[in-house]
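According to TrEMBL, the protein carries these features:
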- A:7-133: domain 'Threonine/Serine exporter ThrE' (DOMAIN)
- A:6-23: transmembrane segment (TRANSMEM)
- A:28-49: transmembrane segment (TRANSMEM)
- A:55-71: transmembrane segment (TRANSMEM)
- A:78-97: transmembrane segment (TRANSMEM)
- A:117-139: transmembrane segment (TRANSMEM)
């Protein structure tokens with residue numbers, strides 16, 4: 001595993017997605033940093049536990065955590081930073097494989113790929129939500145309001 | 001609820017719905033749109049207001065006795081700069097730095113200005129992203145130029161067809177189809193050996209990663225309508241890409 005190279009590539013990839021999603025110009029480098037941290041955490045967990053679902057959860061958690069800090073710093077919506085950073089983690093290749101197998105009539109393999117893609121996207125979303133909730137608990141003053149906003153508490 | 005004048009109330013409603021529409025068209029999360037609209041309403045003393053946001057339309061009801069307004073959302077893309085700009089306008093309105101009229105004028109300007117990066121820069125970015133993903137997913141340096149070129153080509157084709165026809169599935173199908181053909185040709189002529197990684201790297205700019213994640217996230221936040229319709233959109237996109245590739249591979 002070549003860490004500096006992977007870091008550079010994921011930085012460039014996330015920055016490039018920032019350009020494609022038209023993120024504000026002065027946030028592009030931050031977008032790249034978010035993507036880089038997410039990918040590195042993902043890879044570390046993947047190599048340590050060999051489970052893409054756990055690794056995606058950890059990566060998404062890192063992305064959301066860093067994106068939150070940057071959103072506070074720039075006073076912009078968090079989505080600007082998290083979107084580009086989350087792209088390397090979403091199971092694009094799994095979804096592609098599932099679709100390809102369906103079109104080729106390999107339904108059993110398609111189901112396996114599709115359910116794996118579902119698990120991973122669920123883990124990514126869980127990672128995002130967990131980090132968001134923890135950050136809000138950390139900033140206790142706002143915690144109640146945000147939880148209500150996200151529909152995580154009923155009242 | 002303090003009483004506010006008729007014209008001012010209409011202006012306020014126009015303002016909230018415009019903000020919601022621009023944010024939704026630019027790819028903001030559903031709960032953020034609702035939150036922004038309600039905050040702006042509260043700052044204008046409309047405390048009993050409700051809004052209901054879906055990816056295809058926004059309803060806003062100022063209070064029980066007043067008429068509900070509705071706005072339709074037709075085309076959605078991802079334009080984060082607009083989300084940031086609307087967000088800062090709404091922040092300044094809530095903080096009292098902007099009057100309602102100023103905020104509305106500012107939003108009209110945001111609605112009409114094109115903030116997109118230069119097309120060439122976007123194509124270059126798509127090509128760069130494809131190349132980076134190709135290596136990250138385990139491709140070899142020898143094949144990198146192919147992934148770079150095919151990723152850019154696919155992006156150009158999708159954007160061109162979208163400009164001409166506005167039919168998203170068709171554009172994505174053709175884009176994936178061309179990428180599949182190009183990748184197959186390079187593999188069959190012996191320039192490259194790894195068909196799967198080449199294709200996956202090249203279609204990365206087209207894959208609906210954002211939609212899948214947003215859909216699950218909206219579902220978990222309790223916005224079932226938005227979650228399901230975004231999920232359907234993601235499914236259609238994935239289907240178009242998968243079909244485009246499969247048509248090539250089945251030959």
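Each Cβ is built from the backbone N, Cα and C atoms, and glycine gets one as well.
Keep in mind that TrEMBL annotations are predicted by a computer and have not been checked by a curator.
Taking every recorded stretch in A:6-23, A:28-49, A:117-139 and counting its Cβ pairs under 8 Å to the transmembrane segment (A:55-71), the highest total belongs to A:117-139. Panel annotation: around the transmembrane segment (A:78-97), residues 10, 13-15, 17-18, 21, 23-24, 27, 30-32, 34-35, 37-39, 42, 52, 56, 59-60, 63-64, 66-68, 70-71, 109, 113-114, 116-117, 120-121, 124, 128, 132 of the same chain, lying at least six beyond its termini, place a Cβ under 8 Å from a Cβ of the stretch. The list of residues near the transmembrane segment (A:28-49) in space but at least 6 beyond its ends in sequence, with Cβ under 8 angstroms from a Cβ of it, reads 1, 3, 6-7, 10-15, 17-19, 55-56, 58-63, 66-67, 70, 74, 80-82, 84-89.
Per-residue pLDDT, averaged along the domain 'Threonine/Serine exporter ThrE' (A:7-133), amounts to 88 for this model.
Applying DSSP to the domain 'Threonine/Serine exporter ThrE' (A:7-133) sorts its residues as follows: 109 helix, 0 strand, 18 coil.
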